[in-house]
Structures are given as structure tokens and as C-alpha cells.
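Comments concern the structure below.
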Amino acid sequence: MFFFVLSMLSISSCSAFNITKLLNKESDFSTFNKYLSETKLADQINKRSTITVLAVANDAMGGLSSDDSFTLKSVMSVHVILDYYDKEKLAKLAKNNRSAMLTSLFQSSGVAQNQQGYVRVEVVDGEIFFGSASKGAQMNSKIVKSVTAQPYNISVLEVSSIIGVPNINASPTPEKAPSPKKGKSASLEDEAESPSEDTAESPADDTSDSDSEAPSPSKARDSTPPKPGYEDDLVTADSPSSTPAPAPSKNDARATAAEVGVGVVAMGLVISVLVALF
């Protein structure tokens, strides 16, 4: 039961304030209150358990405009400190340390650069001054009065002017990827855009080139000097021999004459038989 009550108290303490309603009670901060709502910072403030708001009166808000939403939200979030500070706590903190660094809601946004998300506080001649922790920033804003407070949950302090933050109006630009080397990247881009004519010819082009340029077998043989005896082998293998046929031998001549003589005798016998019959 004790833990249940404790948890309920903690929940109620986390949601015990509403910055919009608190500032609605003070007409001098209507512009500041409107900008908190437009930038959705009011919702973030109400979700916090401990917070300090450095509110700026209407007559000191002339330097801000809702036309540039990025700059407006960035500047407004610098005026939201992520802890509870009242005048007494700030005076003691600055007196003991001469100056102190406070973390603003802008630091948690992830876009702050060069300590833009931190607010420096100093006590000068008994007055509490605020300024950006960025290099070159001035302590240009001071506490005017305490507007309202719910101890250790929310404190609203009026400051004399908008806290100036160098280069806060410049939105961060993404880092550029390193440019590729000219020689190698150019060739890769060319290969990616269109195939090379030397390495990607169509099959038809390859066929036409081979028909017109490929050497014939005879040219290939003529181009290499033959070894001794190799020319005779080529002639014998590729074409009939050009050497004259050998003359008939004597035995062949005698056989031929005998055949002729037998033919003459046979012819004479046939003629004799025919004469005898007729």
C-alpha cells in the first residue's frame, strides 16, 4: 500500500504543472507562450519532472518570428533549462563558481553545435546574467523577476531579453560523402551506363568480322616457310602429282604385240570362212 501511494504521488508530481496554463495567467508573456505551443515545446516541458523556463516579455520578443520555424524552435528551446532553478539557487551557484553552465532543452535536440545548447550564468554586481556558452556570445540577458514556481518541479523566471546564440539560425547541413576519384570512378560510371563496344559486341558483329577477316587454310600454310621435304608432302596430300607417268616396260610391249597378232589371225580365219560359204 505504501509503494502504491508513493507511485501515485510521483506520477502526480510529474504531471503537476502545465506551462501553457501557467503563462496564460500572465498576459505579458502571451507571445512567448504562443511560440512554445507552435513549436510543440510546451508538450516537452509538461513531460518533464523538473524544469526551468526563462520567459521573455512581449516587448522584448521583437527579434523572433514564426516565419523561420527551425530558428524559432531552436531559440525558444535555449530558454528551457533541464533542471529546477530559482533566483536563490542561481545566485548561490554563480557566486560559488563565478560562472556556471546550465544544460538547455536545445542541447537534447541533437542539432546544437559548439556548445550552443548550454547557457552560462554569472552574477555581476548582484545581478544574475545569462548568455550562450558558444564562443563569442555575450552575457546579454538578466533576470528581471520570478514569475511563478512549484519548488523542485518548475520555475518560471522572467529575463530581460532573448539569449543570443551565434549561428543558431543556420540549420545543420549533412556531411557530404567524399567524392570518388576521377579516373577510376569515371570508368566505372561509363561501364555502368552502357556496355563497352570492345567487350560487348553482338553475336552478329562477331560473325561478320570472322567471315571477312579470318585467313583461309592455304594462306596460313603459305605464311609459314615449310621445312625441307614438307612441300612434297603437301603436294602429294592436296593435289595429284605433276611428275610424268613412267613409260611402259618391254614385257608390256611384247604382250600387246601378241594380242594384236592373235586378233589379225582370227580376223583372217573369219574372212576365209565367209569366202568359202559364198
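Just so you know, glycine gets a Cβ as well, placed from its N, Cα and C.
Annotation comment: TrEMBL describes 1-16 as signal peptide.
Taken as a whole, the domain 'FAS1' (16-163) shows an average pLDDT of 93 in this prediction. Among the features that TrEMBL reports, domain 'FAS1' is placed at 16-163.
The region 'Disordered' feature in TrEMBL is assigned to 169-255.
TrEMBL lists 188-212 with the feature compositional bias 'Acidic residues'.
According to TrEMBL, the transmembrane segment annotation covers 260-277.
Residues of the domain 'FAS1' (16-163) grouped by DSSP class, helix first, strand second and coil last, total 51 helix, 43 strand, 54 coil.
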